[in-house]
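Below is one structure; the comments refer to it alone.
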């Protein structure tokens, strides 16, 4: 009996092998022995990676933002971020509440009516931090985001490469990874 479906079977097998070779997104590790007091202070959001539709639509117009991380009264962290939006500086503060081992936090976004879990995956405290955020409850589909925090507005090449490797390990594609352009607006340093 002839096997007219043999070419289709070959394509199907190649497709299955391609799927099997595509790395599945993995959960980010957590910074061992996270020291919250060393994490405090000024950070610049230098890189982002995400699978969310809003990010993919807006990624070309995003720019670097400045964040101040300070202890909160309840033991969590207040993260006050200043960024450029429609040619004006905008500031928002998030309360990160402890949510598990040190370095794990959660916050609720009043804007999106969603809850997010944030993990500090890796940091040297003085130069960079790699964060992983997952939306866990909300009206829309779950979304994932990796963030590169840098203590300066110009992270070193090896820090950028570390972030790219981190983002890829979480399943993000090149299209979903962006290094945010530096801007002079809203970045002034107050003493």
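Backbone N, Cα and C atoms are what each Cβ position is placed from, and that goes for glycine too.
Note that the structure is a prediction, hence the values are computed from the model and not measured.
Features reported for this protein in Swiss-Prot:
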ACT_SITE  65  active site, nucleophile
DISULFID  89-186  disulfide bond
CARBOHYD  51  N-linked glycosylation site
CARBOHYD  78  N-linked glycosylation site
SIGNAL    1-24  signal peptide
Taking Cα atoms as reference points, rank the recorded positions 51, 78, 89, 186 by distance from residue 65 (active site, nucleophile) and give the first.
186
Cα-Cα separation of residue 51 (N-linked glycosylation site) and residue 78 (N-linked glycosylation site), in Å?
26
Measuring CB to CB from residue 89 (disulfide bond), give everything in the same chain under 8 Å that is also at least six residues away in sequence.
82, 83, 185, 186
Name the residues of the same chain, 6+ apart in sequence, whose Cβ is under 8 Å from the Cβ of residue 78 (N-linked glycosylation site)?
69, 70, 71, 72, 93, 94, 95, 96
Could you check the recorded positions 65, 186 and say which one's CB has the fewest neighbouring CB atoms inside 10 Å?
186
Starting from the Cβ of residue 51 (N-linked glycosylation site), draw a 10 Å sphere and report how many other Cβ atoms land inside it.
19
